[in-house]
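This report refers to the structure that appears directly beneath it.
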Amino acid sequence: MNYLAELLASGLAVGAVYGLIAMSFAIIYKSTGLLNFAQGEMGMIIAYVAWSISTSVDGNPFIVALGSIGFAVLFALAVERIVIRPMMSEPILSQIMVTIGLSVIFRSAIILIWDGLPHNMAIASGNQLVDLGGVRVRAAQIAVLVALFAAIAGMWAFFRYSRFGVAMRAVASDDATAQLMGVSSGKVQMAAWAAAAVLSGVAGVLFAIAYELSPSLYALGLKAFPATILGGLDAVIGSAVGGLIIGVTENLVGGYISSGLKEVAGFVIIILILMVRPYGLFGEKRIERL
Amino acid sequence: MRSGYYKETIVEHINLTDSTLQRAWIGIGLLLVIAAPFHFEFYGLSLITLMMITAIGAMGLNVLTGWTGLISLGQTAFMVLGAYAYAISTESWGWPPLLGFVLAGIVPAIASVIVGVPSLRLTGLYLAITTLASAFIVNHLVLEFDGLTNGSSGIFVNRPVIFGYAFDTDAKFYYLTAGFGILTILACLNLRRSRIGRALIAIRDNDNAARVMGIDLRAYKLYAFVASSFIVGISGALYGIFLSFVTVDGFPFLLAIEALAILIVGGMGSIAGAILGAVFLVGLPEVTSFVFSWMGSSAQSLLSTSAHEIKGLLYGLIIILFLRLQPHGLMGLWQDARRTWTLWPLKY
């Protein structure tokens, strides 16, 4: 029983990380129709920047949070403006390949700028153990769950009530009409990239605190694909739920079946989902198909 | 002044070439391929061999991505399967290498049907994701069936002996690879001008229109998957022999990106483009190391410590710059140059 509870707890924590990154995928896909293969790498770069800030200010959590969020926004806006914006009218293969090219560059740049070794990231009391009725978890693992729920609530309110959120939904449902109504799709795209970078940055930093900071952090992006496919590529909140489901499934498979299968469980789920229900659990039924 | 070449019959149109000049160039090219081992030593020769193996793989991917317009991020899976099919059949079971090569084509082809059938309904982005997922699953399966594949420790592969003739030196293996390369070029050229090739292009250009013309999308997309992974599997087997060692780690995910980068650099959908792109991307690290060594010792030590990262950085930059500035690749550049040459001083 305790074993199961531990698996569930760590599954929910890692699932929340996947969920945050999956939300970033979905936000960008929803507002621009582009899947950013470099999202995990962006989260990783933000985590490294946060680590650099934290070592120079002795881990003051407020400065680290402000600095890394500021960096995330600027970084995403720069990437969007310089690399992505000129490619938006190109065919889908070019768009995919540009983001893949970015991901390869980021992955190499991390090792060239920082190094290839794992680091311990200590901010506030993030890696202290907390006892929850017999199950011991790290504070950062709780924090990432809290962050996920905050992000879900924030996104829901944003899309529902804010003027900008409504504009984003309008661009998502019909680009041309939204532009005729006076919505600037360029601004919507900038906002989507910034929001996605902040979410995946939060995921990267909290993952680094709970486990470790290493150049293999980008794999979180790959692991978040199943989550966003399961939830629906255009369903922001659905993707978050998908993340939790994938995280728990992975841990249960790893705990009860085999640890090798744990690594690919998500990818098996992708193929099953795409065969049965390609638009995901919560997505809209308008996928390209023949 | 001549305004262009005109072809009046179907036969003229599907002939591989009708110009004596082109035949002469092909002859010169063949002579150069035959003469290469007499000029180049170990390192240069192994580099050219690697270029040829890469070009074979790129031509395979070109059938799927360049002609049919189906994006695959999972080519490494078929390379891995081809390499293992060859290694297991020849090294563990002692089958003749020729049969091993056939198996290296057939096993990935069967696997591609398994990957292809569920992916048939998907296009674009979704296909890219399923093929990516299947690449990871194949790697996992190879590691899991360690009784057959030796798990993560891999299998040693000897140079093949075909009909009593041992391809044991670098030069002989080079000729074997060149033979496979020429066969692949011929196969691709002939596939391209057959009914199947035209159908694949039609699917890429407009799938609904192709369907109205009576092209069975499912069947032809499966043809593309099978033909592509057959060729990619052969290149995987050759790569395994080249490394003389087959492991999952020998086929990193970067290889699938490299293959797509080759098509982008060379020019989508062109066989000559795939070959040019392969030469360009395989030669790129060599050029870089030359430039770095010219820049001084500190740059050289950076290159020796982080060669893999610099390679990745270059691939990424090349992909983005080509897509941004020259989306038709090197073949597009060549065509522009040729047009300017014929039409000068007029613009068009």
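Including glycine, each Cβ sits where the backbone N, Cα and C put it.
Note that this is a predicted model, so its numbers are computed, not measured.
Record features (TrEMBL):
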TRANSMEM  B:21-40  transmembrane segment
TRANSMEM  B:46-64  transmembrane segment
TRANSMEM  B:71-89  transmembrane segment
TRANSMEM  B:95-117  transmembrane segment
TRANSMEM  B:124-143  transmembrane segment
TRANSMEM  B:173-191  transmembrane segment
TRANSMEM  B:222-245  transmembrane segment
TRANSMEM  B:314-334  transmembrane segment
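The stretch from B:21-40, B:95-117, B:124-143 with the most CB pairs below 8 A to the transmembrane segment (B:222-245) is B:95-117.
Tertiary proximity for the transmembrane segment (B:173-191) is limited to same-chain residues at least six positions away from its ends with a CB under 8 Å from its CB atoms, namely 16, 30, 33-34, 36-37, 45, 48-49, 52-53, 55-56, 59-60, 62-63, 159-160, 162, 167, 197, 227, 231, 234, 238, 241-242, 271, 275. Same-chain residues lying 6+ beyond the ends of the transmembrane segment (B:71-89) with a Cβ under 8 Å from its Cβ atoms: 57, 60-61, 64-65, 95, 97, 99-101, 103-108, 111-112, 115, 124-125, 127-135, 137-139, 142, 148-149, 155, 157, 228-229, 232-237, 239-241, 246, 248, 250-253, 255-257, 259-260. Within its own chain, the transmembrane segment (B:95-117) has Cβ neighbours under 8 Å at 74, 77-79, 81-86, 89, 130-131, 134, 138, 160-163, 221-222, 225-234, 236-237, counting only residues six or more beyond its boundaries.
Distant neighbours of the transmembrane segment (B:21-40): 48, 170-171, 174-175, 178, 182; these residues of the same chain sit at least 6 beyond its ends, with a Cβ under 8 Å from one of its Cβ atoms.
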